[in-house]
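**Q** The annotation O2 binding site is assigned in Swiss-Prot to HIS59 on the grounds of sequence analysis. Annotated heme b binding site per Swiss-Prot: HIS88, in sequence order, evidence recorded as sequence analysis. Annotation source Swiss-Prot lists domain 'Globin' at 2-142. Taken from Swiss-Prot, the feature phosphoserine applies to SER4, SER36, SER50, SER103, SER125, SER139 (among others). As annotated by Swiss-Prot, N6-succinyllysine applies to LYS12, LYS17 (among others). Per Swiss-Prot, phosphotyrosine is recorded for TYR25, and the stated evidence type is similarity to another entry. According to Swiss-Prot, the phosphothreonine annotation covers THR109, THR135, THR138, on the basis of similarity to another entry.
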Amino acid sequence: MVLSAADKSNVKAAWGKVGGNAGAYGAEALERMFLSFPTTKTYFPHFDLSHGSAQVKGHGEKVAAALTKAVGHLDDLPGTLSDLSDLHAHKLRVDPVNFKLLSHTLLVTLACHLPNDFTPAVHASLDKFLASVGTVLTSKYR
């Protein structure tokens, strides 16, 4: 999915508002995903998945760091996320549908925390961005 100039601007502005909360929002999105889609827990059998768990917070930080890196390289998502794509496809073997589920819960989390900034246009741009990230992360499954 190609991001327009307006989409790129919206994504950068929205992610800028996330600021230092990126890790916390990432962890919250993971918690939402585990609660809403319990089958996603199967990829984390060694994690304490309880609310506020240090392991979920740590993984939320990793998710947020990857997305922050992607926001900084919107014109080269495949190159930027190549290592993560390899990891998820070949080592972790994560079912691709899980990227869509996490994208959904991340959008919900952002909408809750940034209600005044989460306009329909920003929502659409973030959705396209997260779909693009998901496409890149699943590109090496073939």
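A Cβ is built for glycine as well, from the same backbone N, Cα and C atoms used for every other residue.
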**Q** For the domain 'Globin' (2-142), how many residues does DSSP put in helix, in strand and in coil?
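**A** Grouping H, G, I as helix and E, B as strand yields 112 helix, 0 strand, 29 coil.
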**Q** Within 10 Å of each Cβ, count the other Cβ atoms and name the one among the modified residues SER50, THR135 with the highest count.
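**A** That would be THR135, with the highest Cβ count within 10 Å.
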**Q** Tally every other Cβ atom lying within 10 Å of the Cβ atom of SER36 (phosphoserine).
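**A** Total other Cβ atoms inside 10 Å, all chains included: 12.
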**Q** To the nearest whole angstrom, state the Cα distance for the pair SER50 (phosphoserine) and SER125 (phosphoserine).
**A** 31
**Q** Just to be sure I understand the packing, how many Cβ atoms besides its own are within 10 Å of the Cβ of THR109 (phosphothreonine)?
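**A** Its Cβ has 23 other Cβ atoms within 10 Å.
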**Q** Within 10 Å of the Cβ of TYR25 (phosphotyrosine), how many other Cβ atoms can you find? Include all protein chains, please.
**A** 21
